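S.K.: Quick one: the structure is below, questions incoming.
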């Protein structure tokens with residue numbers, strides 16, 4: 001190592017995580033922060049969650065590729081903690097290249113990334129259909145079964161594609177197991193070995209130029225003084241360990257997963273930005289203490305909840321499913337802040353609250369008459385929570401596009417001030433619209 005390399009100040013690493021049940025608006029914020037980053041890293045999840053970006057009025061939905069791909073010159077990394085569908089990846093690459101973006105030269109995929117295969121999708125969909133009314137709400141894209149194979153030590157990884165004979169042997173062994181489950185237990189059709197083998201090996205040459213030792217590359221980039229942004233998918237309350245289990249996703253969505261899922265030392269994570277919507281949403285099944293509206297539940301049809309859904313355009317960017325809506329839950333937010341070690345919050349979609357006569361904030365719960373100030377663990381306990389609210393005056397003025405704190409309506413400032421008091425960490429950013437420039441900056445995560 002040269003003397004000059006020793007003296008380079010390492011770059012800063014910022015982790016962006018959702019503090020709710022996903023859909024907090026992480027994609028826009030990652031894109032905004034990428035002005036100060038030379039690389040963006042996905043470290044968990046798969047193509048089951050979409051990040052929606054509005055840039056210059058044009059809508060782009062990214063499911064697998066990091067949001068930094070929208071910025072020319074920014075490197076994008078898919079870490080070992082991700083589960084990768086080659087079919088979904090190349091579909092997304094094609095869409096981006098059609099839009100005029102260079103992708104393959106800037107995308108780096110960990111050789112240790114787990115592959116999603118056709119039998120994972122088949123099992124995922126067959127299981128969900130079999131559950132009927134007890135469904136979890138999976139997207140049916142094979143994410144969970146792929147993670148099961150990873151934990152069961154039978155997963156096929158990206159690097160396995162480059163040894164055709166070994167890949168074929170392991171695929172045959174896996175199909176023996178999974179086809180038994182599909183046909184004998186789930187009542188589905190078997191997945192064909194040869195067709196699967198041909199399809200997967202067909203991706204090998206296309207993937208190979210993008211495959212690398214991502215962990216080593218991130219280490220070298222950081223020590224060369226380059227800033228890195230770690231982009232989480234889903235949200236803390238969907239985390240496999242810390243969420244409302246079993247109504248959760250199949251990976252760890254918390255900030256600590258950035259270290260394990262990208263192969264970086266945890267002490268290298270300098271700042272954790274918690275993305276928090278100014279109200280709450282949830283897709284699919286599971287408890288939701290502050291819920292106002294659920295399109296599928298006749299008993300949850302509060303007009304304010306309907307307004308939040310309509311004004312906020314609360315439909316899944318990947319599935320198109322309507323999201324359930326409710327007031328911001330600060331007791332759940334506190335749980336997320338503690339788990340993630342959040343340095344500061346970014347409040348998104350504040351403008352959706354414009355025009356309401358009053359705004360409520362859930363500050364705790366009652367369970368059997370007892371006060372509870374933190375979201376309990378596990379779905380059964382969360383389902384027993386009765387929300388305790390504080391009520392604030394609403395504001396009639398539009399907050400859309402406001403880019404300074406002082407320009408916000410007084411009641412909006414009062415609401416946000418109380419949120420950060422209850423949360424115990426500062427609000428460092430506020431998003432007042434979907435476009436990049438519709439952002440209030442109070443403290444910059446890369447400059448704190």
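Just so it is clear, glycine is given a Cβ too, placed from its N, Cα and C backbone atoms.
Note that the structure is a prediction, hence the values are computed from the model and not measured.
What Swiss-Prot records for this protein is below:
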BINDING   22-28, 50-52, 323, 349-351, 431-433  GTP binding site
ACT_SITE  23  active site, proton acceptor
BINDING   23, 24, 25, 26, 48, 49, 50, 51, 139, 153, 234, 249, 321  IMP binding site
BINDING   23, 50  Mg(2+) binding site
ACT_SITE  51  active site, proton donor
BINDING   317, 318, 319, 320, 321, 322, 323  substrate binding site
S.K.: Three-state secondary structure of residue 322 (substrate binding site) from DSSP?
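M.R.: The three-state answer is strand.
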S.K.: Any idea what the Cα distance is from residue 234 (IMP binding site) over to residue 322 (substrate binding site), rounded to a whole Å?
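M.R.: Taking the Cα atoms only, residue 234 (IMP binding site) lies 16 Å from residue 322 (substrate binding site).
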S.K.: On a count of neighbouring CB atoms within 10 A, which of the binding-site residues 28, 321, 323 is highest?
M.R.: 28
S.K.: Might you list, by sequence position, any residue in that chain lying six or more from residue 322 (substrate binding site) with a Cβ less than 8 Å away from its Cβ?
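M.R.: Residues satisfying the criterion: 295, 296, 309, 314, 315, 316.
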S.K.: Hey, of 23, 25, 28, 350, 432, which of those recorded positions are within 10 Å of residue 323 (substrate binding site), Cα to Cα?
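M.R.: Cα filter at 10 Å returns 23.
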S.K.: Other Cβ atoms within 10 Å is the metric here; tell me which of the binding-site residues 48, 139, 432 scores highest.
M.R.: 48
S.K.: Using residue 25 (GTP binding site) as the reference point, find which of the binding-site residues 48, 50, 139, 320, 321 has the shortest Cα-to-Cα distance to it.
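M.R.: Looking at Cα distances from residue 25 (GTP binding site), the smallest one goes to 50.
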S.K.: Considering Cα atoms only, can you say which of 23, 48, 50, 320 is the nearest neighbour of residue 432 (GTP binding site) among these recorded positions?
M.R.: 23
S.K.: Near residue 350 (GTP binding site), which residues of its own chain have a C-beta under 8 A away, given they sit six or more steps off in sequence?
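M.R.: In sequence order, the residues whose Cβ lies under 8 Å from that of residue 350 (GTP binding site) (at least 6 apart) are 278, 399, 408, 412, 416, 430, 431, 432.
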S.K.: How many neighbouring Cβ atoms, not counting its own, are there within 10 Å of the Cβ of residue 22 (GTP binding site)?
M.R.: 26
